[in-house]
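Let me begin by presenting the structure, written as structure tokens, before commenting on it.
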């Protein structure tokens, strides 16, 4: 098997060694008559599928980072272990995608060099393990975190146009090894199948923008106002959640609403706390070790005031931004206590922001007394209730709505636009990533609840905004460049194939003459 022009024997030998895990020089390979069998082709196809499978998981992993803090909290409640599992996820995914991508590149280079695709058994085992790990990840996501599939659907509105360009580019590069296979094989049926399959795929990709929709494909003057920010438990990336420090940091981020959770102590004092137990956000295990497993509502207000509600923030670092806090902020965080609802209402009134809260737990036997105690504190504070968010409007609902408060996965861009036309404000939660904020901004939401108010505050416009005419031009240019590159790849590989056949023919003639001379 002769090396094509531009593929040196040393390069071919190195590629063989990495892919086959054995030192076989290109010369020895030729003498031994090694060829790519149907089994080898099947393993290459499996490698290609594993790469695509892992690539899709990488995309999903990046998308779910917006909600990964919820996963960290879930693991802590189950295992009492705090770790930023997003780092574990990204590192593991990067290893898997890198491994499969390197193998795929090696295989494509071997094909271009005319070498056999003899995948080593160790690589085969590792590929099977990779496929099983990714399949398990997808299965776990579908069982335990099914709403993230809707997050992926929302993400396509932000990434669809760019994914299209990337896929077209990848399929265009695939034309080189494909042309090499077509010009090397003598199986006419295989040639026809590969050409038809590749042509159908490219035609579908060229026309894909007809089905791509994004709210950010609009004219600049059509862009809705920037959504207002609602601080989710304050500013939890800058201060311990549900504390007065977190409220003040949220005010610095220009939030208009402080979103929190309220519980009522055993002696009737409403206070801020999200979890039913105090173990995650206080030092209750140190102060009251024998009562640490009790619900928050089992403690009286005097006991709650003995707890520190900020040290955990510096010890566990729930967000990467904790590392960049100033010395003053760190000292302030260590002094945080559990605030009462009355203290928070006074601070909100002083800073002219609204409060939105859930009274928890709703299934408690004394819930009605919790409601009464909370209402009494609100009335005594004198703060006006400026915003009350409801649920998603039902088809048969007659009462008019003024506000809707929902997870961002539960509302499409079309629904957002319809609510906006009906003068109903829409707040979606929890929105942390700029790409997601951009999509919702373009869709026209009134406000978003966020952990990352300091990030979204700095955004002056969506990450990208394209007029439809500009997107149309990009679409046409990308398709035309892709088509020309594919045509060039096939023409160049055809020329290389002809040169190789000429060289092989001359070699055959020379060998025939040598044999004739030896016989004479």
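Glycine too: its Cβ is placed from the backbone N, Cα and C atoms.
Just so it is clear, the model here is predicted, and its values are computed rather than measured.
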Which listed span TrEMBL calls transmembrane segment, if the choices are 16-36, 163-183: 163-183
449-470, 471-492 - the range that TrEMBL marks as transmembrane segment: 471-492
Paired segments the transmembrane segment (125-143) and the transmembrane segment (163-183) in contact, 3+ CB pairs under 8 A: no
